[in-house]
Amino acid sequence: MIRVLGIETSCDETAASVVALEGDAAPKILSNIVLSQIEEHAAFGGVVPEIAARAHVEALDGIVEAALADSGTTLADIDAIAATAGPGLVGGLIVGLMTAKAIAAAAGKPLIAVNHLEGHALTARLTDGLEFPYLLLLVSGGHTQILAVRGVGDYQRWATTIDDALGEAFDKTAKMLGLPYPGGPNVEKAAQTGNASRFTFPRPMKGSAQPDFSFSGLKTAVRQAATAIEPLGDQDVADICASFQAAVADALADRVSRALARFSQTFPGTKNPALVVAGGVAANHTIKATLERLCAEAGFIFVAPPLKLCTDNAAMIAWAGIERLREGMAQENGFDFVPRSRWPLDSISAPMVGSGRRGAKA
């Protein structure tokens with residue numbers, strides 16, 4: 001049996017988990033502890049890196065102890081320590097990776113530095129036993145990407161955002177409308193009573209031959225609409241949220257439908273092609289329904305891990321560690337690994353800089 005302790009501190013969740021795998025049996029999440037920092041950041045309308053790092057320092061040792069206790073294991077039972085080493089907020093990454101190094105050194109265990117995005121990319125194999133290859137749509141506060149997942153450590157980025165991540169667009173929209181943080185669930189809640197036809201917002205990149213995403217123009221359109229009808233009433237806010245959400249769903253549908261067609265052409269022999277959606281934005285019911293419909297039309301299986309494993313967690317980091325151990329891909333120099341605020345899964349893909357574009361989102 002392989003048991004790995006995972007640690008995740010890349011943003012505003014302090015998390016630790018123990019995941020086990022025995023032979024050909026399904027993997028087991030023995031513990032999965034996540035401490036959210038929403039209350040600490042709510043007053044600022046977004047994550048403050050310094051506050052996040054200090055909160056990780058205060059909480060991580062207790063979270064690791066709780067994960068071990070809940071799993072019924074001790075460090076002697078653990079085969080390796082896996083920790084997120086990037087991408088993310090560098091202060092939080094330092095806290096998590098240095099803690100993992102200390103634990104691994106003291107216990108005499110291997111240290112596996114894990115790419116946070118790889119954790120998301122491999123979660124469907126933890127929850128659904130999915131076989132390679134498959135298509136991944138990663139939609140979170142920091143990333144919006146489409147990747148072909150061909151194997152452990154083998155990823156092809158087919159699309160990314162050329163400006164804002166989708167989760168960031170949700171958060172900024174919420175802030176403009178006076179909705180509390182986090183923006184995603186509050187925009188979705190307000191949209192439930194809104195008229196999605198009242199405002200005609202742009203569908204960024206729709207119809208473009210370029211495969212990438214863009215959300216800055218949509219965010220600007222929301223601000224202009226809100227400014228034009230100030231002061232905003234509750235129904236105005238609901239209508240803007242519903243119209244914004246509809247525009248996002250349409251834009252995603254256009255980008256993802258192209259990716260599904262490309263996947264079918266690139267991997268024609270795949271028996272059960274699948275689209276996996278991961279990241280916090282994957283919790284949005286309108287977006288999920290849109291993607292499920294697309295998959296049904298294209299003959300793809302739609303896979304969305306449970307919400308607690310879609311958002312940031314340490315079980316996915318522990319599982320990525322297990323996957324790498326099984327493939328003999330654990331770093332020989334894990335203790336020398338330094339945190340990376342930007343760390344693309346597909347190192348071959350060109351950075352999205354130039355031609356009027358802002359810097360790459362990992």
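Cβ atoms here come from the backbone N, Cα and C positions, even for glycine.
What you see is a predicted model, and the numbers here were worked out from it, not measured in a lab.
Record check, Swiss-Prot: substrate site residues include LEU138, VAL139, SER140, GLY141, GLY142, ASP171, GLY184, and the candidate from ASN32, ASN272, ASN284 also listed there is ASN284. Together with HIS116, HIS120, Swiss-Prot lists one candidate of ASP312, ASP336, ASP346 for binding Fe cation, that being ASP312. In this view, the densest Cβ surroundings among the binding-site residues LEU138, VAL139 belong to VAL139, judged by other Cβ atoms lying within 10 Å.
The binding-site residues near GLY142 (substrate binding site), taking a 10 angstroms Cα-Cα threshold over the set HIS116, HIS120, ASP312, amount to none. Within 10 Å of LEU138 (substrate binding site), counting CA to CA, the binding-site residues HIS116, HIS120, ASP312 contribute HIS120. If you draw a 10 Å sphere around the CB of GLY141 (substrate binding site), it holds 24 other CB atoms from the protein chains shown.
HIS116 (Fe cation binding site) is 21 Å away from GLY184 (substrate binding site) when you measure Cα to Cα.
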